[in-house]
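Feature annotations, courtesy of Swiss-Prot:
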ACT_SITE  Lys135  active site, schiff-base intermediate with substrate
DOMAIN    329-364  domain 'EF-hand 1'
BINDING   Asp342, Asp344, Asp346, Cys348, Glu353  Ca(2+) 1 binding site
BINDING   Asp365, Asp367, Asp369, Arg371, Asp376  Ca(2+) 2 binding site
DOMAIN    365-388  domain 'EF-hand 2'
Amino acid sequence: MATLLEQLSTMTVVVADTGDLDAIRKFTPRDATTNPSLILAAAQIPAYQSLIDEALHSSRQLLGNSAAVEEVVHEALDEICVIFGKEILKIVPGRVSTEVDARLSFNTEATIAKAHKLIGLYNDAGITNDRVLIKIASTWEGIKAAEVLEKDGIHCNLTLLFGFSQAVACAEAGVTLISPFVGRILDWYKASTGRDSYAGPEDPGVISVTKIFNYFKTYDYKTEIMGASFRNLDEIIELAGCDLLTISPKLLDQLGSTEAPLKRKLDAVNPVAAESQIHVDKESFESMMRADRMAFEKLDEGIRGFSKAIETLEAQLAHRLAVLEGGAAFCHVVQEIFMLNDLDGDGCITREEWLGSDAVFDALDHDHDGRLLQEDVRSGLGAALALTTA
């Protein structure tokens, strides 16, 4: 019998949800998606250090030796996203999704400018627009930015989508693709209700995507639907037939090792009759979002989470730049890392505030008092810097 992955691939485009190039090679998906958290995770893999260094060198060369560390790091962040994207496109035959800085989620003009910059970097590398999706958070401002970008020939993937109003607004804006977050919807309902689990068809995330799918197909919207953020195989099985599903390497591995019959659950040709068609403007969008506490809270949480991942990556890039440049930017790096981790601004970092691993915290905590002062970070990273530049 064929595996679940083999059967799923005949009815749904399977997309790898990872920045790990080896995982993408293993599963040979058509497309791949990345986000700040995935890029941050991939940046920890030693094999990819050369890609990080390439971006830092390129950004320093572009901006010049007099440019401040934060300028170089900010430029390198765009370079890194595109460098990983270019490597992914050497493996997958289809598209890669590259995300706009989540901190721009409520700024339409800044989002448009960043998208043009990212697609320009791809174009400079000889990659055409049809192979790239620019990921933008599904705020009203983000959706309006995507509407402009689509008219400019830049295709968009609207992410952090949790509510029906977001989906309808995206479809009416003519965006290429949306990514409703199945698992994060489930997370909210489990936390809100205290219920430990939901059977596949009862899963709130599955219900949400199914509703969006049938609505889009009933009213002939061209926007593709890519279910994302899965927590278990049942969610994937219940959405077999969706346009696309972006799946983590762990779940791809389970699908590829499980032999069982798989039934199509969603049918674009014969959708289940949807509710009456609606139209969404800014006022109705905001009203519907306020009324949907889950969507409102998860969108806010998602933007904050992706923003924090970017800030963490920037701090790591600043540290790496200091290593590459022989410590010239070291004091700035220490300050940036300290400010990022000192969440309550009281001048010390506790283990609970520390964003890194326990092993690193323990190494920096010389007096073992469970608190890091700026001098602890400076002396600890200084020793590491001396070793890496020796």
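Even glycines carry a Cβ here, placed using N, Cα and C.
Here the Cα atom of Cys348 (Ca(2+) 1 binding site) is found 10 Å from that of Asp376 (Ca(2+) 2 binding site). Reduced to three states, the DSSP call for Asp365 (Ca(2+) 2 binding site) is coil. Of all the Cβ atoms in the protein chains shown, 21 others lie within 10 Å of the Cβ of Asp376 (Ca(2+) 2 binding site). Taking the Cα of Glu353 (Ca(2+) 1 binding site) as the reference point, the closest of the binding-site residues Asp365, Asp369, Arg371, Asp376 is Arg371.
Comparing Cβ neighbour counts within 10 Å across the binding-site residues Asp346, Glu353, the minimum falls on Asp346. Within 8 A of the CB centroid of the Ca(2+) 2 site residues Asp365, Asp367, Asp369, Arg371, Asp376, the other residues of that chain are Leu364, His366, His368, Gly370, Leu372, Leu373. Rounded to a whole number, the distance between the Cα atoms of Arg371 (Ca(2+) 2 binding site) and Asp346 (Ca(2+) 1 binding site) is 11 Å.
Between the C-alpha atoms of Asp342 (Ca(2+) 1 binding site) and Arg371 (Ca(2+) 2 binding site), the distance comes to 10 Å. Least packed by the Cβ count within 10 Å, out of the binding-site residues Asp365, Asp367, is Asp367. Comparing the binding-site residues Asp344, Cys348, Arg371 on other C-beta atoms within 10 angstroms of each C-beta gives the minimum for Asp344.
A 10 Å cutoff on Cβ-Cβ distances gives Asp369 (Ca(2+) 2 binding site) a total of 10 other Cβ atoms nearby, all chains included.
The recorded positions examined here are Lys135, Asp342; by Cβ neighbour count within 10 Å, the least packed of them is Asp342. Secondary structure at Arg371 (Ca(2+) 2 binding site), taken from DSSP and collapsed to helix, strand or coil, is strand. For the recorded site, Cys348 (Ca(2+) 1 binding site), the DSSP three-state label reads coil.
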